[in-house]
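Summarising the annotation, TrEMBL assigns domain 'V-ATPase proteolipid subunit C-like' to 22-81, 106-165. Residues or ranges marked as transmembrane segment by TrEMBL: 17-40, 61-81, 101-128, 140-165.
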Amino acid sequence: MGDQATWSHALVKISPYTFSAIGIAVAIGVSVLGAAWGIYITGSSLIGAAIKAPRITSKNLISVIFCEAVAIYGVIVAIILQTKLQSVPTSQIYAPESLRAGYAIFASGIIVGFANLVCGLCVGIIGSSCALSDAQNSSLFVKILVIEIFGSALGLFGVIVGIIMSAQASWPSKAV
């Protein structure tokens, strides 16, 4: 029983399709969570600062759009990962190639999801600062917007790494 009850034994017995599905769900779910959190941070500061300076409302909506782009990154990667799934004969579900494909899709989803979570928070915090600064001094808007663009690039880096990781997903051929 001692040899059969290890974590590695348990993880190898989980279907690679389960790992793939969890990776796809994390990619979209955590990305949307990051976007929502960023919109919450930016939106609350934008509404508060707009009380003092109503002129900032329309031009600071770009920060909310940047946050929403984070969710779109997650949706795009989830669609890409979904297209990587292929049916495999039952005899080859636990073949090393199947396990590798499942782990690659899982890792890709985890990387994209959490990169976009951090990106959403980053863009939300910078967007909040942009709204508050713009309410005080309108000449600061473009300067802080450039910083926000660099923060938004973090999500793209996660997407690129996720796509590279998912390229490793190749399922065994159906012919045995």
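All residue numbers here begin at 1 and follow the chain in the order shown.
Even glycines carry a Cβ here, placed using N, Cα and C.
Any TrEMBL annotation is an automated prediction that lacks curation.
Per-class residue totals from DSSP over the domain 'V-ATPase proteolipid subunit C-like' (22-81), listed helix then strand then coil: 56 helix, 0 strand, 4 coil.
The domain 'V-ATPase proteolipid subunit C-like' (106-165) scores a mean pLDDT of 93 in the predicted structure. In terms of DSSP secondary structure, the domain 'V-ATPase proteolipid subunit C-like' (106-165) contains 59 helix, 0 strand, 1 coil.
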